[in-house]
Amino acid sequence: MKLVFATNNQNKLKEVQEMLPESIELLSPKDIGCFEDIEETATTLEGNAQIKANHITNNYNFNCFADDTGLEVDALNGEPGVYSARYAGEPANAENNMQKLLSSLGETVDRKAHFRTSICLNLDGKQFLFDGICKGEILTEKKGEKGFGYDPVFQPEGYNKSFAEMSSEAKNEISHRGLAIQKLIDFLKTYQPNN
Ligand code: IMP
């Protein structure tokens with residue numbers, strides 16, 4: 001079965017292809033001739049994942065899935081959430097986003113937060129949603145050099161290291177995206193087209 005992953009991030013594509021059974025051939029938007037940017041205009045993670053998956057299915061007639069991720073901070077009423085990539089404004093800049101987050105929180109004691117990934121799958125005319133959550137807290141300053149985005153200021157629950165101090169393998173095992181993708185893969189492995 002051919003399945004499009006509506007992302008232009010080559011690392012995400014490679015990671016997911018390695019986890020999928022051989023019967024599923026993962027395609028990128030470019031592989032099917034889709035070169036346009038799909039605007040993420042929804043106000044929820046689910047909504048943005050749906051926009052991306054629906055764009056491919058409706059315009060190119062392929063089974064497709066898409067993901068969207070946000071960092072939801074309790075003391076900021078779930079911000080930056082769906083606006084995580086551009087929290088400090090355009091163009092997206094991870095350093096500025098982290099500085100804005102640290103100054104918004106200031107001395108706040110309750111620093112609980114979680115990353116959440118939503119995946120929308122369009123398969124044979126039906127739509128399925130999966131999510132993955134990684135709970136943790138926002139540190140008072142940056143720690144570590146690895147990873148991307150908010151990794152240096154996020155410490156997952158049960159660890160005394162930030163995401164930016166963990167290897168990508170260790171992070172993928174517990175991360176929001178890793179958990180959501182695992183749910184998607186478990187579903188695809190047992191999926192029977194005529195159900
Ligand atoms: P995307 O939906 O995967 O593009 O994620 C949206 C934004 O959330 C990114 O631009 C990052 O700012 C942030 N983000 C997503 N996943 C992670 C992560 O694993 N670590 C740190 N930041 C992340």
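The backbone N, Cα and C atoms fix where each Cβ goes, and this holds for glycine too.
The 10 Å shell around the Cβ of Asp68 (active site, proton acceptor) contains 23 further Cβ atoms across the protein chains shown. Residues or ranges marked as active site, proton acceptor by TrEMBL: Asp68.
Under the heading substrate binding site, TrEMBL lists Thr7, Asn8, Asn9, Gln10, Asn11, Lys12, Thr69, Phe148, Gly149, Tyr150, Asp151, Lys171, His176, Arg177. Sequence-distant contacts of His176 (substrate binding site), defined as residues of its own chain at least six apart whose C-beta falls under 8 angstroms from its C-beta, comprise Thr69, His114, Phe115, Arg116, Thr117, Gly132, Ile133, Cys134. Secondary structure from DSSP puts His176 (substrate binding site) in a helix.
Neighbours of Glu39 (Mg(2+) binding site), defined as other CB atoms within 10 A of its CB across all chains, total 10. Residues or ranges marked as Mg(2+) binding site by TrEMBL: Glu39, Asp68.
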Checklist entry - Quick one: which of the recorded positions (Asn9, Asp68, Thr69, Asp151) have their CB closer than 6 Å to ligand 1? => result Asp68, Thr69, Asp151
Checklist entry - In Å, how long is the longest CA to CA span across Thr7, Asn8, Asn9, Gln10, Asn11, Lys12, Thr69, Phe148, Gly149, Tyr150, Asp151, Lys171, His176, Arg177, which the record gives as the substrate binders? => result 21
Next on the checklist: Measuring Cα to Cα, how many Å separate Asp151 (substrate binding site) from Glu39 (Mg(2+) binding site)?
Outcome noted: 25
Checklist outcome for this item: Rounded Cα distance in angstrom between Thr7 (substrate binding site) and Asp68 (active site, proton acceptor) is 10
